[in-house]
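Below is one structure, written out as structure tokens; the observations come after it.
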């Protein structure tokens with residue numbers, strides 16, 4: 001290795017030496033060249049003039065080029081500057097217009113900002129006002145709600161008070177009805193005492209003229225009073241509805257509308273019946289005139305034409321009995337509906353039958369007295385024809401007297417009749433005593449009267465089953481009371497006995513079916529019979545009716561509850577003494593169950609009673625239509641017609 005390295009070192013050293021020699025040679029060459037160049041320069045110095053001229057030419061050429069370039073640059077600059085100045089002027093105008101627009105926009109912005117501030121202020125004020133209004137509204141609403149609650153409480157209390165008053169009013173009506181019945185009984189008793197006293201005093205002090213003339217007038221009126229007492233027709237309707245609802249005021253208005261509609265229907269039906277009965281009344285009036293003429297010719301034989309007509313009237317009686325059976329069938333159906341109500345009045349039925357039995361005996365005695373008196377006075381009437389004519393003129397004027405249109409006004413004819421009644425007490429009592437004596441002397445004639453009563457009573461019932469036929473017939477009787485008196489006294493005197501017999505038959509057939517609804521009418525009749533005792537009440541009532549005329553006839557139509565059916569009925573009631581009208585108008589009872597007052601019961605009772613003579617039948621229908629949301633109604637309708 002060392003050898004090799006030595007060899008390398010040796011070779012390298014040789015190479016370095018070679019390179020050094022080459023380098024030195026090159027340097028020498030270069031130095032030689034430099035030296036040679038200096039020599040050339042020096043040679044060139046002789047040509048310096050030529051170079052300067054060349055340089056001058058070049059310099060002149062370059063200056064020409066530079067001048068040209070300078071001139072071109074200036075021209076270009078000027079053109080460019082002119083263009084820029086023109087553009088600047090145009091931009092200035094645009095800038096000016098832009099500045100003006102900017103100023104305008106600034107002014108608008110300022111005005112809008114001011115307006116916005118005002119609107120914002122107004123908005124705030126409105127919001128404050130709205131908040132105030134809402135607060136006030138809430139306050140008012142709360143106050144109104146409190147007021148409504150208070151008014152509802154007051155209304156509820158008022159309704160309770162109204163219900164209490166209605167109950168009290170119903171109780172007072174019941175008491176009033178009982179008092180009216182009792183007053184009527186006492187009135188009959190007083191009238192009987194007055195007539196008996198007048199008859200007694202007339203027989204002592206008065207001459208023949210004083211007691212003969214009243215006897216004729218009595219005979220003209222007996223037919224009305226005799227028929228009136230034993231003949232009662234009752235139609236009783238009771239409607240009880242329990243209605244559960246929340247709107248009581250709507251129901252009241254509906255009930256009032258229904259009642260007004262019913263009243264209108266009744267008025268229309270009454271007018272139609274009145275027209276029909278006027279035509280029939282004219283025919284009956286003509287027949288009555290014929291009978292009067294026959295009575296003048298043969299007053300003693302007044303009963304003979306009745307005996308001849310007996311056979312034809314018996315057939316009519318059979319038909320009437322069939323009609324009564326049909327009515328009893330209807331009564332039985334109605335009695336089943338109101339059975340619970342009818343059981344309570346069974347005692348009154350038995351008492352009434354006893355009263356009717358007593359009434360029959362009294363009527364027989366009265367009829368015997370009247371028949372005997374009629375025969376005794378028949379000859380005297382012919383002699384006293386002139387005073388009788390005066391009585392005729394006086395009585396039609398009474399019949400034409402204005403009829404009161406309300407039950408309050410009916411008291412006036414009663415007072416007038418009582419005044420006239422006091423003047424002739426003595427004469428009437430004298431006539432009654434003579435009748436009693438005549439009844440004892442003629443028992444045979446009483447038997448004949450009983451036979452004639454049956455056929456005579458049947459056509460009367462047919463004529464009077466429409467209420468208005470009897471009005472026309474009675475109007476004719478009132479117009480000519482003195483003429484009809486002689487013959488009618490015998491005929492009408494026979495009617496009460498037959499009618500009371502029929503009442504007993506009807507009472508036995510009706511049985512327990514008629515007990516409840518006929519309670520009021522039986523009490524009235526029983527009191528009349530019990531008070532008058534020996535049947536004098538009916539006999540004493542006849543002369544009183546004679547003196548009072550049509551004014552007294554209207555008094556017979558007793559309107560218990562202060563309500564009449566219609567003006568048409570009132571006018572006809574003034575012309576006839578055979579009708580008694582008892583009408584109880586609607587009575588509403590409002591009760592509230594529970595403290596909240598949500599459930600309310602209204603009890604409406606409508607009671608209509610028609611008390612008529614001559615077996616009259618007057619049917620009054622009540623139609624009540626209810627249209628209410630959520631209505632529960634229970635209705636009990638009881639309609640009973642009794643043939644007394």
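Using the three backbone atoms N, Cα and C, a Cβ is placed for every residue, glycine included.
Annotation source Swiss-Prot lists region 'Coil 2A' at 51-72. Here Swiss-Prot flags 105 as phosphotyrosine, drawing on similarity to another entry. Positions annotated as compositional bias 'Acidic residues' by Swiss-Prot: 274-292, 308-328, 351-368. Summarising the annotation, Swiss-Prot assigns compositional bias 'Basic and acidic residues' to 329-350, 369-400, 422-470, 485-508, 545-557, 568-582. Residues annotated as phosphothreonine in Swiss-Prot: 357. The compositional bias 'Low complexity' annotation in Swiss-Prot covers 474-483.
Confidence across the region 'Coil 2A' (51-72), taken as the mean pLDDT and rounded to a whole number, stands at 89. Its own atom aside, the Cβ of residue 105 (phosphotyrosine) has 10 Cβ atoms within 10 angstroms in the protein chains shown. In three-state terms derived from DSSP, residue 105 (phosphotyrosine) belongs to a helical segment.
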